[in-house]
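Going by TrEMBL, these are the annotated features:
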type	residues	note
TRANSMEM	7-27	transmembrane segment
TRANSMEM	33-56	transmembrane segment
TRANSMEM	77-96	transmembrane segment
TRANSMEM	116-142	transmembrane segment
TRANSMEM	228-249	transmembrane segment
Amino acid sequence: MKEKAGIRNAIIAAFIITILAELIGPISFKVMGINVTLLSILWAIFIGMAVSPHLLGRVIPALKKFIGDNEINVSPYLLSLTLYPLGIMFGINAGPKVGILLQAGPALLLQEFGHMGTMLIALPVGVALGLGRSALGGTFSLCRDTALGIIGDKYGLNSPEGIGTLGTYISGSIFGTLLFSFLAPVGVLLGFHPYALAMASGMGSGSMMGAATASLMNTVPQMSEQILAYSATSGLITAVTGIYIELFLSLPVANYYYSKVAPVIERFRGRKTRRTSNKL
């Protein structure tokens, strides 16, 4: 009965939070002449954090009874269920658009190997910070919707890998939109071609792509149509091919990389900890 009540309460809470976030809606403003848009997903994340038993639940007993540990425990499984329709949607959209992928040329296809860069640089840093296997889940890709599905299916979202992926997903939703709003025009100032920046905008996140594309179009308005076309095509390729790159290349390489890097870093951290304790 408790599990059923937890599922029911979690679904009701998600529904109410979604309505509130949509009522607030996107908010756009300018910072130093750059368009910045805060999308509805940000409000959903903030509201969800606020109503958790560790924040408002501490001061509102009725809220803690409705959203407690039981609801939190079932939420990852409910999230996993929502990712299956998303995977089906990617498959349905991919079939008719194979021609677009072939016409896009090698540049757009090869950019998918950018998933490897986040892992090669960030995974050792995460392990050095003591994140363990969470570092693997948080760095094997940019951790958008497809990564959630892969990690949720393989390890479960309650696992260390799942927690790492969710952490990067939420961080990307909160900070990524703001960062990409600034990165696109700054890239133009640094001499990068607007087409290259438009291609880089389609990294698998609708919110980040929208923010980067809008600010880029505002910076180079005479290329608006081409920028939109490149970013949309790049986003499509990421959605279609990204899941295969993550599943068959990034995740296996990340596991192998972790098995080689983690023991070395952990030994170093252990020696450093012992030295510190000896000094004390």
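Just so it is clear, glycine is given a Cβ too, placed from its N, Cα and C backbone atoms.
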Are there at least 3 C-beta pairs under 8 angstroms linking the transmembrane segment (7-27) and the transmembrane segment (116-142), leaving out pairs fewer than 6 apart in sequence? no
Long-range Cβ neighbours of the transmembrane segment (7-27) (under 8 Å; 6 or more residues past either end): 37-41, 43-44, 47-48, 51, 66-67, 70-71, 74-75, 78
